[in-house]
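Participant: Starting off with a structure, shown below.
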Amino acid sequence: MFLVAVAFLTVEALADLLQPTLMSLIVDNGVASQDVGMILRYGGLMLGVALIGAAGAVGRNILASRTSQLIGQELRGRLYAKVQTFSFENIDRLQPASLITRITNDVTQIQNFINGCMRILVKAPITCVGAIALIIIQTPAQIPVLVVILVIAGALIAGNMVMGYPRFVNMQRRLDRLNTVSREFLDSIRVVKAFGAEQQEAARFGGAADELAEAGVSAMRVNALFSPLINLTVNFGIVLLLWRTGSGNAGEIGKVMASVNYMTQVLFSLGMVSNILNMAVRATASSARVKEIIDEQPAQLSPEHPLKPALEGGLRFESVTFKYAGSPRAALSDIDFELAPGEMLGIIGSTGSGKSTLVNLVPRFYDASEGRVLVDGVDVRDIDEHYLRDAIAVVPQKALLFSGTIEENLRWGRRDASELELREAAKVACADEFVRGFAQGYQTVLGQGGVNLSGGQKQRLSIARALLKKPQILILDDCTSALDANTEASVLDGVRSAAEGMTVLLISQRISTVMRCDRVLCLEDGQMRGLGTHAELMRDCAVYRALYESQIGGVQDVG
């Protein structure tokens, strides 16, 4: 396809180069001798050449647009697929807003460059070289003028690139920052409005927008400086060419006109090259950012020979310590416990005690810094990642729903689930009643993030989705916080019944919630403070007892 586009470009360039020579012949031969027949013949030939050039331009534009779009589509697909292989550590380091910018804006810059190359890059050298050659052939006395003009113009174009590149890199970074601020604002719009912090956020957005504007002005200032200088240089060359040609051979008006026309084509060609090089500067900056994603190695590597053992849900932590990248202190230290398949473990602790970090190690969202996490006696790092996660269902703290119908959201748990299974899962999570209350029932369309549902409704649908998956390990990460006590009790009773045979990790801030579990793990500052039944922890764990007394009050007689 590229070679075909080059052929179209060549035809268009040659057609453009022929026109001034034909015009010169008409003026010097036809008009001077008043030969109407010659004027008509060469005029018709000019029209035919113009039509051929136009056909080449149309073909070139179609192919350039199609090729650049296909390359952009392929590149975005590769980037999206690569990002899907990243662990949370990779995403935390690169930042989601930056990843979005790279997949969208940076790829667009590369597309624009490819499109420009196919439209201009081949044509500009052919036109420029051809025009210079024809000037030399027709008016060889102009060689010194051409040499001086081309050297000066080349130096200016090179200066434009050298000075422009770092400024465009900075502009893309500032765009990342603006996207980050915008994304944070949109994600937390309810909190912003609840605290009346619109002006504060507007100021923060305005600061990021000002930084982007300053970076953009700095980048454009370079182009604004060099482009007029390049045009001035070539226009000055045209004036010199006219003066020298007119002084040397004032009678050959056609040649003078042709030389001026060719010099104008040189000007346009240099302008096109300058524009392409400006695009190249942006594309180079963007391609470096895109390449960083493509070359990024996932922080968690899959084993060379991944295992697919039969999983029943047995879980063991062996001296596990975990530290987030760049953090000076460990989020978890020396965690040791074991769960039998089908056991339900409650996990409690103050904010920042490491509860969510602990459960994130089970599906390998992160890998332990020290020690091992084992499922049914096999290190999770030795198990095929997709196979492991197929056996696990996670309901995160923040209920995540997608735009689409309620049924489509539930089927994320299991695409081939029957209608009966889907509704049973919804009933267990106490979601069926309110879903059937909607006019469209399970076909009710949800907005992005489930904005047309309450927090409790979203949590119940998230739990139903996880139950529909029928995993060997079910992780409930403080996912009933938006439910009242009675609804929470009903949901957890249903989960306990439906999750028979599943290993359940239940994180909660409420003592009344974890009391329902077979055993409770109490964390503080990333360390285990107690593990046992509610009664055992009330007797032996001061941290758990303090939580109980602060929430429920009094001291329970544990015998």
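Counting begins at 1 with the first residue displayed.
Just so it is clear, glycine is given a Cβ too, placed from its N, Cα and C backbone atoms.
According to TrEMBL, the domain 'ABC transmembrane type-1' annotation covers 3-282. According to TrEMBL, the feature transmembrane segment maps to 39-59, 120-137, 143-165, 222-242, 262-281. What TrEMBL records for 315-550 is domain 'ABC transporter'.
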Participant: Quick one: average pLDDT across the domain 'ABC transporter' (315-550), no decimals.
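Facilitator: Mean pLDDT, the domain 'ABC transporter' (315-550): 92.
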Participant: Can you see whether the transmembrane segment (143-165) and the transmembrane segment (262-281) are touching - at least 3 CB pairs under 8 angstroms, only pairs 6 or more apart in sequence?
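Facilitator: Contact confirmed: at least 3 Cβ pairs fall under 8 Å.
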Participant: What same-chain residues lie close to the transmembrane segment (120-137): Cβ under 8 Å, and 6 or more beyond its ends?
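Facilitator: Residues packing against the transmembrane segment (120-137) from afar: 5-6, 9-10, 12-14, 16-17, 20-21, 60, 143, 146, 150, 241, 258-259, 262-263, 265-266, 268-270, 272-273, 275-276.
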